[in-house]
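Data block below; observations after.
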Amino acid sequence: MEHKETGCQQPEGPILCINNCGFFGSAATMNMCSKCHKEMIMKQEQAKLAASSIDSIVNGGDSGKEPIIAGHAEVAVAQVEVKTLVAQPAEIAGPSEGVTVNPKGREGPNRCSTCRKRVGLTGFNCRCGNLYCAMHRYSDKHDCQFDYRTAARDAIAKANPVVKAEKLDKI
């Protein structure tokens, strides 16, 4: 009898979440489960942040002068058309040249240029432009025609330009 007098009543049964997620909700979380309630709060906070950032952008950085009202923010998004131009390799080379360009690159399996062994994905590309196995990957093992010394000299000269000061006049 004391329960009826104080006004505390137990619920008749467990209440399912209003989002139909399968969990039980409570009156403290607006008949939502804890997960759905947390997601709803996060969405409201993100909407507030979005509204304040849009307001600061529109007003030129005058944030904090006007109060932000919690609610739904309507945002207009402009559609941007992106046009890409794709040039075919034959168009770049020109129709007058008799060179055929293979868009795939190499035909068939990847093979070492020296021993013709199948290398698959473990092949090593050399600076001379060929593919080699683990045994022939070094330049001294496959008679590489690439001049590493000149390439390194040019790279160092490009990275470190000569700085020369003007001569000073004597007084």
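Every residue, even glycine, has its Cβ placed from backbone N, Cα and C.
Its Cβ placed at the centre, Cys33 (Zn(2+) 1 binding site) has 20 other Cβ atoms within 10 Å. The Zn(2+) 1 binding site feature in Swiss-Prot is assigned to Cys17, Cys21, Cys33, Cys36; the stated evidence is sequence analysis.
Annotation source Swiss-Prot lists Zn(2+) 2 binding site at Cys112, Cys115, Cys133, His136, citing sequence analysis. The Cβ of Cys133 (Zn(2+) 2 binding site) lies under 8 Å from the Cβ of Cys112, Thr114, Cys115, Lys117, Val119, Thr122, Gly123, Phe124, each on the same chain and at least six residues away in sequence. Secondary structure at Cys133 (Zn(2+) 2 binding site), taken from DSSP and collapsed to helix, strand or coil, is coil.
Under the heading Zn(2+) 3 binding site, Swiss-Prot lists Cys126, Cys128, His142, Cys144, citing sequence analysis as support. Mapped onto three states, the DSSP output places Cys128 (Zn(2+) 3 binding site) in coil. The local packing around Cys128 (Zn(2+) 3 binding site), expressed as other Cβ atoms within 10 Å of its Cβ over all shown chains, amounts to 14.
Taking H, G and I as helix, E and B as strand and the rest as coil, DSSP gives the zinc finger (11-45) the counts 15 helix, 6 strand, 14 coil. According to Swiss-Prot, the feature zinc finger maps to 11-45 (among others), an assignment based on sequence analysis.
Per-residue confidence over the zinc finger (106-152) averages out at a pLDDT of 87. Sequence annotations record features per position, and here Swiss-Prot assigns zinc finger to 106-152 (among others).
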Cβ-centroid neighbours of Zn(2+) 3 site Cys126, Cys128, His142, Cys144, 8 Å, sequence order: Ser113, Arg127, Gly129, Asn130, Tyr132, Ser139, Asp143, Gln145, Phe146
Largest tally of Cβ atoms lying within 10 Å of a Cβ, found at which of the binding-site residues His136, His142: His136
Shell list (Zn(2+) 2; ref centroid = CB of Cys112, Cys115, Cys133, His136; cutoff 8 A): Arg111, Ser113, Thr114, Arg116, Lys117, Val119, Tyr132, Ala134, Met135, Arg137, His142
8 Å Cβ shell about Cys17, Cys21, Cys33, Cys36 centroid, Zn(2+) 1 site members excluded: Ile18, Asn19, Asn20, Gly22, Phe23, Gly25, Met32, Ser34, Lys35, His37
Close binding-site residues near His136 (Zn(2+) 2 binding site), where close means Cα within 10 Å, chosen from Cys17, Cys21, Cys36, Cys128, His142: His142
Cβ neighbours of Cys126 (Zn(2+) 3 binding site) where a neighbour is any other Cβ within 10 Å: 18
